[in-house]
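**Q** One structure, pasted below without further comment.
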């Protein structure tokens, strides 16, 4: 279609060049028609008609022109990034993961993914929203969200003033959600110090003694066993025990559990990326052992990536104003979510608890939860994947800011999963999907994809179960069954805009289902507590049988 439109535009231009005499003949009547008649007055109606005709012709040519210019611009940017990816960009030492020179077919710039044996390519680039927000039309959407926040604040203040007769500036929900914060701080420090010391110490001992050991296999199995004990026993059960034993509130639990998962993934990446280098060094009988420095490992623990490299592309300076703006937007999103719960969620579930559980109540709850659920989705994406990661990237001068792609343009769920969270997707792609294919066989791609879905679904459900203090596998069912089915059915071959509409519709509905089901279960467990709950009471849905007592 684009090729035909280009040819149509070129044909029109070529015809105008080939027949200048005809064009001149066509212009003459137009000139004559605009000339003043014998009475000295200009025919206004004729002038307006001519102007409308010229405008219509310009509008007709506009889409062809814009598509041709856009196509040339895309080709130019693609070639430019492909060339820059092959260079040592700003101190980005690609070492063994550098791009092979002399290849005839370079990798597409939109993916910027090297072959599996070389790993992810890091290059200096900005986040997509930073570029889009420079466009006035996109920035207006940002301003709309700010205006909506102002209206939420005004609505809350006015309602509280009418009900209480005074301005109520208490943020009881926020103070409750982030309660017992000192426990969060010392737990985080223990997790950080253990992740900083134990994996590095174990790897250093194994790497220095591997080539000298008379039983390298036993030595490797021993250190690998100790590393697994640390990952599962200390970093796995330790934080979980703290959040349960100290009965931390939900937001405080989320901080600890998310940091726990992040440290586990970081430690795995550090070992996974460096073990092959030591094995290759021993195989080549090199005199030096490639052990990263402590500073390199420490930088990686704070860098906004889950893929270890000895060095990354770095920006020359830190823009502290930009850092302050990103953190300010994060705190703004926290208050935004607070007002969404106060003005949209709390009234909804206060009314729901007055009726027994039924299909009608459930359907109304799901559809009434779509708007707050979608707003929370947008705010979570913007606060964490854009603002939080960009703030740390700027402080560390980390150059590669592609934490997400244009997931909102996805016409398939497979593309949505790849572009929504690039940071986590890269880890799953290289250490779960590719390692599964390497360990078993490249023929089992569907099984590898299923394994990745299972790992992701289990980790998500684990985080929700621990943070909310109950097991209610709604997310697991949506992710493992519907999400996986959509991934195969609505695949990358779907390119028409209608599939983007379908993707958004299902995404909206899914967020409404999640917010409705988990909120109902939360309220049910608050209003229908059990005196001596058993293990089954933690996994059996309380909202199905709870009858609220007032």
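Just so you know, glycine gets a Cβ as well, placed from its N, Cα and C.
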**Q** Look up transmembrane segment in Swiss-Prot and report which of 401-432, 497-528 it refers to.
**A** 497-528
**Q** If you look at how Swiss-Prot annotates this chain, which of 253-276, 277-300 comes out as transmembrane segment?
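**A** Residues 253-276 are the ones Swiss-Prot records as transmembrane segment.
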**Q** From Swiss-Prot's topology annotation, check whether residue 496 and residue 175 share a side of the membrane.
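**A** Opposite sides, per Swiss-Prot.
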**Q** What is the separation, in Å, between the Cα atoms of residue 546 (disulfide bond) and residue 460 (active site)?
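**A** Counting only the Cα atoms, the answer is 26 Å.
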**Q** What kind of secondary structure is residue 546 (disulfide bond) part of, going by DSSP in three states?
**A** coil
**Q** Can you tell which of 528, 546 has the least company, meaning the fewest other C-beta atoms within 10 angstroms of its C-beta, among these disulfide-bonded residues?
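**A** Minimum Cβ neighbour count within 10 Å, taken over the disulfide-bonded residues 528, 546, occurs at 528.
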**Q** Can you check how the pLDDT averages out over the topological domain 'Cytoplasmic' (1-138)?
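**A** Average per-residue pLDDT within the topological domain 'Cytoplasmic' (1-138): 56.
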**Q** Out of 137, 460, which of the recorded positions is least crowded by other Cβ atoms within 10 Å?
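**A** Comparing Cβ neighbour counts within 10 Å for the recorded positions 137, 460 gives 137.
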**Q** I need the CA-to-CA distance for residue 137 (cholesterol binding site) versus residue 528 (disulfide bond), whole Å please.
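**A** Spelling it out, the Cα of residue 137 (cholesterol binding site) and the Cα of residue 528 (disulfide bond) are 49 Å apart.
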**Q** For residue 528 (disulfide bond) and residue 460 (active site), what Cα-Cα distance in Å is obtained after rounding to a whole number?
**A** 26
